[in-house]
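**Q** Below you will find the structure I want to go over with you.
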Amino acid sequence: MSAMFGTKVAVIGAGYVGLTTAACLSSLGHQVVCADVDREKVDALSRGEATIREPGICELVVDGLASGRLEFVLGASAAVSEASVVILCVPTPMGATGAADLTTLEFVVAEVRELLPPGCVVVNKSTVPVGTAARVAKLIDRADVAVVSNPEFLREGAAVHDFLNPDRIVVGSADRDPAPARRVADLYGKLDTSVLVTDSASAEMIKYASNCYLATRLSFVNTVAELCEYLDASIDDVTLGMGYDQRIGKSFLRPGPGWGGSCLPKDTFALLRTAESAGSDFALLRAAIETNLKQQDLVVDKVRKAVGGELAGARIGLLGLTFKAGTDDLRDSPALAVAGRLAAEGAELFGYDPGVHAPVPGVTDGVRITGTAYHAADGAAAIVLLTEWPEFRALDWARIADRLDGRSVIDTRNLLDPLVVAGTGLSYQGIGRPAALPSTGDMVRRAG
(Lines of atoms letter the chains of each structure in order from A and count residues from 1; the text may use other names and numbers.)
(Lines give C-alpha, C1' and ligand atoms only; values in the text may rest on other atoms or scores of the structure.)
Protein backbone atom coordinates (compact mmCIF):
# COMPACT_ATOMS: atom_id res chain seq x y z
CA MET A 1 0.00 0.00 0.00
CA SER A 2 1.23 3.50 -0.71
CA ALA A 3 1.75 5.78 2.26
CA MET A 4 0.00 9.03 3.11
CA PHE A 5 0.54 10.14 6.67
CA GLY A 6 -0.45 13.21 8.61
CA THR A 7 -3.93 13.33 7.08
CA LYS A 8 -6.41 15.49 8.98
CA VAL A 9 -9.20 13.17 10.07
CA ALA A 10 -12.45 13.86 11.91
CA VAL A 11 -14.06 10.89 13.67
CA ILE A 12 -17.68 11.41 14.65
CA GLY A 13 -18.64 9.27 17.63
CA ALA A 14 -16.43 8.11 20.52
CA GLY A 15 -17.98 4.73 21.25
CA TYR A 16 -16.24 1.37 20.76
CA VAL A 17 -15.71 1.85 17.04
CA GLY A 18 -15.16 5.59 17.03
CA LEU A 19 -12.71 5.74 19.91
CA THR A 20 -10.74 2.77 18.61
CA THR A 21 -10.64 4.29 15.13
CA ALA A 22 -9.53 7.70 16.40
CA ALA A 23 -6.86 6.36 18.74
CA CYS A 24 -5.45 3.90 16.23
CA LEU A 25 -5.36 6.38 13.34
CA SER A 26 -3.56 8.80 15.63
CA SER A 27 -1.01 6.09 16.41
CA LEU A 28 -0.46 5.70 12.66
CA GLY A 29 0.57 9.34 12.42
CA HIS A 30 -2.65 11.08 11.39
CA GLN A 31 -4.04 14.27 12.93
CA VAL A 32 -7.33 13.18 14.47
CA VAL A 33 -10.18 15.14 16.02
CA CYS A 34 -12.79 12.87 17.62
CA ALA A 35 -16.23 14.33 18.37
CA ASP A 36 -19.03 13.12 20.61
CA VAL A 37 -22.24 14.59 22.03
CA ASP A 38 -21.55 13.33 25.56
CA ARG A 39 -19.74 16.11 27.44
CA GLU A 40 -18.66 13.84 30.30
CA LYS A 41 -17.15 11.38 27.83
CA VAL A 42 -15.33 14.13 25.94
CA ASP A 43 -13.96 15.60 29.18
CA ALA A 44 -12.80 12.18 30.43
CA LEU A 45 -11.09 11.34 27.14
CA SER A 46 -9.44 14.76 27.06
CA ARG A 47 -7.91 13.88 30.46
CA GLY A 48 -6.61 10.61 29.02
CA GLU A 49 -9.21 8.43 30.72
CA ALA A 50 -10.51 5.59 28.55
CA THR A 51 -14.30 5.36 28.52
CA ILE A 52 -14.47 1.77 27.28
CA ARG A 53 -12.90 -1.42 28.56
CA GLU A 54 -10.59 -2.38 25.72
CA PRO A 55 -6.99 -3.64 25.99
CA GLY A 56 -4.51 -1.05 24.75
CA ILE A 57 -6.97 1.78 24.20
CA CYS A 58 -5.97 3.85 27.23
CA GLU A 59 -2.31 3.83 26.22
CA LEU A 60 -3.15 4.93 22.68
CA VAL A 61 -5.37 7.76 23.94
CA VAL A 62 -2.69 9.01 26.33
CA ASP A 63 0.01 8.79 23.65
CA GLY A 64 -2.20 10.54 21.10
CA LEU A 65 -2.97 13.41 23.45
CA ALA A 66 0.68 13.77 24.43
CA SER A 67 1.81 13.85 20.80
CA GLY A 68 -0.79 16.45 19.86
CA ARG A 69 -2.17 14.16 17.15
CA LEU A 70 -5.41 13.37 19.01
CA GLU A 71 -8.06 15.77 20.26
CA PHE A 72 -11.57 15.29 21.63
CA VAL A 73 -14.30 17.87 21.06
CA LEU A 74 -17.98 18.28 21.83
CA GLY A 75 -20.24 18.04 18.79
CA ALA A 76 -19.61 17.01 15.20
CA SER A 77 -19.60 20.55 13.85
CA ALA A 78 -16.50 21.35 15.91
CA ALA A 79 -14.51 18.56 14.27
CA VAL A 80 -14.99 18.74 10.52
CA SER A 81 -14.01 22.22 9.36
CA GLU A 82 -10.40 21.33 8.50
CA ALA A 83 -10.78 17.59 7.90
CA SER A 84 -9.67 15.90 4.72
CA VAL A 85 -11.50 12.72 5.76
CA VAL A 86 -14.63 12.58 7.97
CA ILE A 87 -15.38 9.14 9.44
CA LEU A 88 -18.89 8.47 10.74
CA CYS A 89 -18.91 6.06 13.70
CA VAL A 90 -22.36 6.73 15.13
CA PRO A 91 -24.86 4.21 16.52
CA THR A 92 -27.20 2.45 14.10
CA PRO A 93 -29.33 0.48 16.59
CA MET A 94 -32.06 -1.96 15.78
CA GLY A 95 -35.38 -0.18 15.36
CA ALA A 96 -38.82 -1.41 16.36
CA THR A 97 -39.20 -3.41 13.13
CA GLY A 98 -35.73 -4.95 13.29
CA ALA A 99 -34.35 -2.65 10.60
CA ALA A 100 -31.36 -0.42 11.36
CA ASP A 101 -32.31 2.97 12.77
CA LEU A 102 -30.36 5.62 10.83
CA THR A 103 -31.77 8.60 12.73
CA THR A 104 -28.48 9.55 14.40
CA LEU A 105 -26.51 9.07 11.19
CA GLU A 106 -28.86 11.30 9.23
CA PHE A 107 -28.85 13.92 11.98
CA VAL A 108 -25.05 14.10 11.94
CA VAL A 109 -24.95 14.33 8.15
CA ALA A 110 -27.45 17.20 8.21
CA GLU A 111 -25.41 18.93 10.92
CA VAL A 112 -22.10 18.86 9.05
CA ARG A 113 -23.03 18.95 5.35
CA GLU A 114 -22.52 22.71 4.98
CA LEU A 115 -19.33 22.64 7.07
CA LEU A 116 -17.49 19.98 5.07
CA PRO A 117 -14.40 21.37 3.32
CA PRO A 118 -14.41 21.12 -0.48
CA GLY A 119 -12.77 17.90 -1.63
CA CYS A 120 -13.16 16.00 1.62
CA VAL A 121 -14.25 12.36 1.79
CA VAL A 122 -17.06 11.25 4.10
CA VAL A 123 -16.66 7.67 5.30
CA ASN A 124 -19.42 5.41 6.61
CA LYS A 125 -17.73 3.12 9.14
CA SER A 126 -20.91 2.41 11.08
CA THR A 127 -22.66 -0.81 10.12
CA VAL A 128 -25.42 0.34 7.80
CA PRO A 129 -27.91 -1.24 5.38
CA VAL A 130 -26.99 -1.68 1.75
CA GLY A 131 -27.64 1.59 -0.05
CA THR A 132 -26.78 3.87 2.87
CA ALA A 133 -23.69 5.38 1.24
CA ALA A 134 -25.82 6.44 -1.71
CA ARG A 135 -28.41 7.78 0.72
CA VAL A 136 -25.79 9.82 2.59
CA ALA A 137 -24.41 11.18 -0.69
CA LYS A 138 -27.91 12.32 -1.62
CA LEU A 139 -28.36 14.00 1.78
CA ILE A 140 -25.04 15.82 1.47
CA ASP A 141 -25.83 16.73 -2.13
CA ARG A 142 -22.45 18.26 -2.90
CA ALA A 143 -20.43 17.44 -6.00
CA ASP A 144 -17.21 18.37 -4.19
CA VAL A 145 -17.68 15.79 -1.41
CA ALA A 146 -17.31 12.03 -1.98
CA VAL A 147 -18.96 9.36 0.19
CA VAL A 148 -17.17 6.07 0.80
CA SER A 149 -18.07 2.91 2.72
CA ASN A 150 -15.30 1.48 4.93
CA PRO A 151 -16.88 -1.07 7.30
CA GLU A 152 -15.20 -2.04 10.55
CA PHE A 153 -14.42 -5.64 11.50
CA LEU A 154 -13.49 -5.16 15.16
CA ARG A 155 -14.07 -7.63 17.97
CA GLU A 156 -14.78 -6.17 21.38
CA GLY A 157 -11.95 -7.12 23.70
CA ALA A 158 -9.55 -7.19 20.75
CA ALA A 159 -10.51 -4.01 18.90
CA VAL A 160 -7.11 -2.32 19.00
CA HIS A 161 -5.39 -5.50 17.84
CA ASP A 162 -7.93 -6.00 15.07
CA PHE A 163 -7.62 -2.42 13.84
CA LEU A 164 -3.83 -2.54 13.67
CA ASN A 165 -3.67 -6.13 12.40
CA PRO A 166 -6.68 -6.42 10.07
CA ASP A 167 -7.53 -9.49 8.01
CA ARG A 168 -8.54 -7.11 5.23
CA ILE A 169 -9.59 -3.55 4.55
CA VAL A 170 -12.74 -3.02 2.51
CA VAL A 171 -13.41 0.29 0.79
CA GLY A 172 -16.44 0.91 -1.38
CA SER A 173 -17.13 4.00 -3.46
CA ALA A 174 -19.75 5.01 -5.98
CA ASP A 175 -19.03 3.46 -9.37
CA ARG A 176 -15.84 2.04 -7.83
CA ASP A 177 -14.29 5.50 -8.15
CA PRO A 178 -10.64 4.82 -7.27
CA ALA A 179 -9.70 8.34 -6.16
CA PRO A 180 -11.74 8.68 -2.92
CA ALA A 181 -11.35 4.95 -2.22
CA ARG A 182 -7.57 5.25 -2.44
CA ARG A 183 -7.54 8.23 -0.10
CA VAL A 184 -9.35 6.18 2.52
CA ALA A 185 -7.25 3.07 1.93
CA ASP A 186 -4.09 5.13 2.31
CA LEU A 187 -5.07 6.01 5.88
CA TYR A 188 -4.03 2.44 6.67
CA GLY A 189 -0.78 2.71 4.68
CA LYS A 190 1.44 1.43 7.49
CA LEU A 191 -0.56 -1.77 7.86
CA ASP A 192 0.40 -4.92 5.97
CA THR A 193 -2.89 -6.33 4.76
CA SER A 194 -5.07 -6.91 1.71
CA VAL A 195 -7.24 -4.06 0.44
CA LEU A 196 -10.46 -4.68 -1.46
CA VAL A 197 -11.80 -1.72 -3.41
CA THR A 198 -15.37 -2.25 -4.56
CA ASP A 199 -18.64 -0.39 -4.95
CA SER A 200 -20.45 1.01 -1.92
CA ALA A 201 -23.31 -1.50 -1.94
CA SER A 202 -20.92 -4.46 -2.04
CA ALA A 203 -18.83 -3.03 0.81
CA GLU A 204 -21.94 -2.60 2.94
CA MET A 205 -23.06 -6.12 2.08
CA ILE A 206 -19.66 -7.59 2.98
CA LYS A 207 -20.07 -6.36 6.54
CA TYR A 208 -23.59 -7.71 6.97
CA ALA A 209 -22.84 -11.00 5.24
CA SER A 210 -19.77 -11.55 7.42
CA ASN A 211 -21.60 -11.01 10.70
CA CYS A 212 -24.65 -12.98 9.62
CA TYR A 213 -22.47 -15.89 8.54
CA LEU A 214 -20.80 -15.94 11.96
CA ALA A 215 -24.19 -15.87 13.69
CA THR A 216 -25.43 -18.71 11.49
CA ARG A 217 -22.29 -20.71 12.25
CA LEU A 218 -22.83 -20.32 16.00
CA SER A 219 -26.47 -21.35 15.71
CA PHE A 220 -25.38 -24.41 13.75
CA VAL A 221 -22.86 -25.39 16.43
CA ASN A 222 -25.43 -24.95 19.20
CA THR A 223 -27.83 -27.20 17.28
CA VAL A 224 -25.12 -29.84 16.86
CA ALA A 225 -24.39 -29.58 20.60
CA GLU A 226 -28.05 -30.23 21.38
CA LEU A 227 -27.97 -33.31 19.15
CA CYS A 228 -24.78 -34.48 20.90
CA GLU A 229 -26.68 -34.56 24.18
CA TYR A 230 -29.29 -36.88 22.67
CA LEU A 231 -26.64 -39.15 21.15
CA ASP A 232 -24.13 -39.13 24.04
CA ALA A 233 -21.48 -37.56 21.80
CA SER A 234 -19.00 -34.86 22.84
CA ILE A 235 -19.35 -31.47 21.16
CA ASP A 236 -15.78 -30.72 22.26
CA ASP A 237 -14.46 -33.57 20.15
CA VAL A 238 -16.89 -32.92 17.31
CA THR A 239 -15.84 -29.28 16.92
CA LEU A 240 -12.17 -30.16 17.40
CA GLY A 241 -12.43 -32.65 14.57
CA MET A 242 -14.33 -30.18 12.40
CA GLY A 243 -11.85 -27.41 13.04
CA TYR A 244 -8.89 -29.39 11.75
CA ASP A 245 -10.55 -29.25 8.33
CA GLN A 246 -9.01 -26.18 6.69
CA ARG A 247 -12.21 -25.57 4.76
CA ILE A 248 -13.99 -25.04 8.09
CA GLY A 249 -11.39 -23.66 10.49
CA LYS A 250 -11.46 -23.51 14.27
CA SER A 251 -13.06 -20.16 15.03
CA PHE A 252 -16.70 -19.68 16.03
CA LEU A 253 -17.16 -23.36 16.82
CA ARG A 254 -17.81 -23.09 20.55
CA PRO A 255 -21.35 -23.72 21.80
CA GLY A 256 -22.86 -21.38 24.33
CA PRO A 257 -26.03 -19.78 25.68
CA GLY A 258 -26.64 -18.05 22.36
CA TRP A 259 -24.94 -15.24 20.52
CA GLY A 260 -25.39 -11.57 21.35
CA GLY A 261 -23.54 -8.31 21.77
CA SER A 262 -23.73 -5.01 19.96
CA CYS A 263 -23.43 -6.43 16.43
CA LEU A 264 -24.78 -9.89 15.66
CA PRO A 265 -28.39 -9.46 16.88
CA LYS A 266 -28.98 -6.11 15.20
CA ASP A 267 -27.11 -7.05 12.03
CA THR A 268 -28.99 -10.31 11.52
CA PHE A 269 -32.35 -8.61 11.97
CA ALA A 270 -31.30 -5.72 9.74
CA LEU A 271 -30.20 -8.00 6.89
CA LEU A 272 -33.36 -10.07 7.28
CA ARG A 273 -35.48 -6.91 6.96
CA THR A 274 -33.38 -5.80 3.99
CA ALA A 275 -33.98 -9.15 2.31
CA GLU A 276 -37.70 -8.95 2.97
CA SER A 277 -37.84 -5.43 1.53
CA ALA A 278 -36.06 -6.70 -1.58
CA GLY A 279 -38.55 -9.57 -1.93
CA SER A 280 -36.04 -12.27 -0.94
CA ASP A 281 -36.85 -15.04 1.55
CA PHE A 282 -33.67 -15.43 3.62
CA ALA A 283 -34.95 -18.56 5.36
CA LEU A 284 -31.51 -19.65 6.58
CA LEU A 285 -30.91 -16.39 8.42
CA ARG A 286 -34.39 -16.47 9.94
CA ALA A 287 -33.70 -20.00 11.19
CA ALA A 288 -30.39 -18.88 12.72
CA ILE A 289 -32.20 -16.16 14.68
CA GLU A 290 -34.92 -18.55 15.84
CA THR A 291 -32.31 -21.14 16.84
CA ASN A 292 -30.54 -18.53 18.93
CA LEU A 293 -33.69 -17.76 20.89
CA LYS A 294 -34.32 -21.47 21.32
CA GLN A 295 -30.82 -21.92 22.74
CA GLN A 296 -31.59 -19.51 25.56
CA ASP A 297 -34.75 -21.48 26.32
CA LEU A 298 -32.72 -24.71 26.41
CA VAL A 299 -30.40 -23.19 29.01
CA VAL A 300 -33.37 -22.18 31.15
CA ASP A 301 -34.73 -25.73 30.84
CA LYS A 302 -31.43 -27.08 32.16
CA VAL A 303 -31.55 -24.74 35.15
CA ARG A 304 -35.18 -25.55 35.85
CA LYS A 305 -34.49 -29.28 35.89
CA ALA A 306 -31.38 -28.77 38.04
CA VAL A 307 -33.41 -27.13 40.82
CA GLY A 308 -36.18 -29.71 40.82
CA GLY A 309 -38.53 -28.37 38.16
CA GLU A 310 -39.64 -25.13 39.82
CA LEU A 311 -37.73 -21.85 39.44
CA ALA A 312 -40.03 -19.69 41.57
CA GLY A 313 -38.14 -18.81 44.75
CA ALA A 314 -35.00 -20.69 43.70
CA ARG A 315 -31.76 -18.85 44.39
CA ILE A 316 -29.45 -19.03 41.37
CA GLY A 317 -25.84 -17.86 41.17
CA LEU A 318 -24.78 -16.45 37.80
CA LEU A 319 -21.16 -16.28 36.68
CA GLY A 320 -20.86 -13.74 33.90
CA LEU A 321 -23.25 -11.05 32.67
CA THR A 322 -21.42 -9.42 29.74
CA PHE A 323 -21.99 -10.81 26.26
CA LYS A 324 -18.40 -12.09 26.11
CA ALA A 325 -15.25 -12.11 28.20
CA GLY A 326 -12.82 -9.21 28.04
CA THR A 327 -15.43 -6.45 27.82
CA ASP A 328 -17.87 -4.59 30.04
CA ASP A 329 -20.48 -4.50 27.28
CA LEU A 330 -23.93 -5.72 28.33
CA ARG A 331 -25.72 -4.91 25.07
CA ASP A 332 -27.89 -7.82 23.93
CA SER A 333 -25.96 -10.13 26.22
CA PRO A 334 -27.19 -13.74 26.04
CA ALA A 335 -26.31 -14.00 29.72
CA LEU A 336 -28.81 -11.27 30.52
CA ALA A 337 -31.37 -12.81 28.16
CA VAL A 338 -31.14 -16.06 30.13
CA ALA A 339 -31.25 -14.12 33.40
CA GLY A 340 -34.41 -12.36 32.24
CA ARG A 341 -36.11 -15.66 31.51
CA LEU A 342 -35.08 -17.05 34.90
CA ALA A 343 -36.32 -13.93 36.69
CA ALA A 344 -39.61 -14.08 34.80
CA GLU A 345 -40.22 -17.49 36.36
CA GLY A 346 -39.51 -16.15 39.85
CA ALA A 347 -35.88 -17.13 40.38
CA GLU A 348 -33.78 -15.02 42.75
CA LEU A 349 -30.60 -14.15 40.88
CA PHE A 350 -27.19 -13.22 42.25
CA GLY A 351 -24.59 -12.44 39.61
CA TYR A 352 -20.87 -11.79 39.43
CA ASP A 353 -18.95 -10.47 36.44
CA PRO A 354 -15.39 -9.07 36.46
CA GLY A 355 -16.50 -6.29 34.12
CA VAL A 356 -19.67 -5.28 35.99
CA HIS A 357 -19.16 -3.61 39.35
CA ALA A 358 -22.56 -2.04 39.97
CA PRO A 359 -26.17 -2.47 38.85
CA VAL A 360 -27.07 -0.90 35.52
CA PRO A 361 -30.68 0.35 35.71
CA GLY A 362 -32.84 -1.07 32.98
CA VAL A 363 -30.16 -3.60 32.03
CA THR A 364 -29.28 -5.75 35.04
CA ASP A 365 -32.69 -5.44 36.69
CA GLY A 366 -33.59 -8.67 38.45
CA VAL A 367 -29.95 -9.55 39.19
CA ARG A 368 -28.25 -8.60 42.44
CA ILE A 369 -24.62 -7.80 41.62
CA THR A 370 -22.08 -9.43 43.96
CA GLY A 371 -18.43 -8.62 44.54
CA THR A 372 -17.06 -12.11 44.00
CA ALA A 373 -18.02 -15.40 42.40
CA TYR A 374 -18.12 -16.96 45.84
CA HIS A 375 -20.73 -14.48 47.05
CA ALA A 376 -22.84 -15.31 44.00
CA ALA A 377 -22.71 -18.95 45.09
CA ASP A 378 -23.83 -18.33 48.68
CA GLY A 379 -26.93 -20.40 49.38
CA ALA A 380 -27.65 -20.96 45.69
CA ALA A 381 -29.52 -23.98 44.42
CA ALA A 382 -27.37 -23.92 41.29
CA ILE A 383 -24.50 -22.06 39.65
CA VAL A 384 -24.87 -21.08 35.99
CA LEU A 385 -21.73 -20.01 34.11
CA LEU A 386 -22.83 -17.70 31.30
CA THR A 387 -19.71 -15.78 30.18
CA GLU A 388 -16.33 -17.34 29.42
CA TRP A 389 -14.13 -15.26 31.73
CA PRO A 390 -10.87 -17.28 32.18
CA GLU A 391 -10.79 -16.55 35.91
CA PHE A 392 -13.84 -18.75 36.40
CA ARG A 393 -11.74 -21.74 35.40
CA ALA A 394 -9.34 -20.93 38.24
CA LEU A 395 -12.01 -20.72 40.96
CA ASP A 396 -11.73 -22.93 44.02
CA TRP A 397 -14.62 -25.22 43.22
CA ALA A 398 -14.41 -26.99 46.56
CA ARG A 399 -15.02 -23.60 48.16
CA ILE A 400 -17.94 -23.04 45.79
CA ALA A 401 -19.36 -26.42 46.76
CA ASP A 402 -19.19 -25.51 50.45
CA ARG A 403 -21.17 -22.32 49.87
CA LEU A 404 -23.87 -23.76 47.63
CA ASP A 405 -27.16 -24.99 48.99
CA GLY A 406 -27.65 -27.23 45.95
CA ARG A 407 -25.15 -29.30 43.96
CA SER A 408 -25.63 -28.23 40.33
CA VAL A 409 -23.18 -26.40 38.08
CA ILE A 410 -24.38 -25.57 34.57
CA ASP A 411 -21.52 -24.51 32.34
CA THR A 412 -23.06 -22.93 29.23
CA ARG A 413 -19.63 -22.07 27.79
CA ASN A 414 -17.93 -25.45 28.32
CA LEU A 415 -15.21 -23.50 30.08
CA LEU A 416 -14.68 -25.78 33.04
CA ASP A 417 -13.04 -29.18 33.38
CA PRO A 418 -15.92 -31.55 34.27
CA LEU A 419 -13.63 -33.77 36.33
CA VAL A 420 -12.44 -30.87 38.49
CA VAL A 421 -15.99 -29.78 39.24
CA ALA A 422 -17.31 -33.30 39.76
CA GLY A 423 -14.36 -34.03 42.04
CA THR A 424 -15.82 -31.62 44.59
CA GLY A 425 -19.07 -33.57 44.74
CA LEU A 426 -20.95 -31.18 42.48
CA SER A 427 -23.11 -32.21 39.54
CA TYR A 428 -21.75 -30.81 36.27
CA GLN A 429 -23.64 -30.09 33.06
CA GLY A 430 -22.14 -28.53 29.96
CA ILE A 431 -23.58 -27.88 26.51
CA GLY A 432 -23.37 -31.01 24.39
CA ARG A 433 -20.69 -32.26 26.74
CA PRO A 434 -20.88 -35.60 28.59
CA ALA A 435 -19.85 -34.96 32.19
CA ALA A 436 -18.16 -38.35 32.46
CA LEU A 437 -15.54 -37.60 29.82
CA PRO A 438 -12.21 -35.88 30.50
CA SER A 439 -11.67 -32.49 28.96
CA THR A 440 -10.61 -32.35 25.33
CA GLY A 441 -7.25 -30.89 26.31
CA ASP A 442 -6.47 -33.95 28.44
CA MET A 443 -7.43 -36.29 25.62
CA VAL A 444 -5.24 -34.43 23.13
CA ARG A 445 -2.23 -34.59 25.44
CA ARG A 446 -2.68 -38.32 26.00
CA ALA A 447 -2.94 -38.85 22.25
CA GLY A 448 0.52 -37.44 21.85
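From the backbone N, Cα and C atoms, a Cβ is placed for every residue, glycine too.
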**Q** ASP36, LYS41, THR92, THR127, GLU156, ARG331 bind NAD(+) according to TrEMBL; which of LYS250, LYS266 goes with them?
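**A** When TrEMBL describes the NAD(+) site, the candidate it includes is LYS266.
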**Q** Looking at substrate binding as recorded in TrEMBL, which candidate out of LYS8, LYS324 goes with PHE153, LEU154, ARG155, GLU156, LYS207, PHE252, LEU253, ARG254, PRO255, GLY256, GLY260?
**A** LYS324
**Q** Is it possible to list how many residues within the domain 'UDP-glucose/GDP-mannose dehydrogenase C-terminal' (317-418) are helical, extended or coil according to DSSP?
**A** 27 helix, 21 strand, 54 coil
**Q** THR127 (NAD(+) binding site) to LEU253 (substrate binding site): how many Å between their Cα atoms?
**A** 24
**Q** Using a 10 Å cut-off, grab the number of neighbouring Cβ atoms around the Cβ of ARG331 (NAD(+) binding site), all chains included.
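**A** Cβ-Cβ neighbours of ARG331 (NAD(+) binding site) within 10 Å number 18.
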**Q** Between GLU156 (NAD(+) binding site) and CYS263 (active site, nucleophile), find the distance joining the two CA atoms and give it rounded to the nearest Å.
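**A** Approximately 10 Å lies between the Cα of GLU156 (NAD(+) binding site) and that of CYS263 (active site, nucleophile).
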**Q** On a C-alpha basis, identify the one among ARG155, LYS207, PRO255, GLY260, CYS263 that is nearest to THR92 (NAD(+) binding site); the candidates are the recorded positions.
**A** CYS263
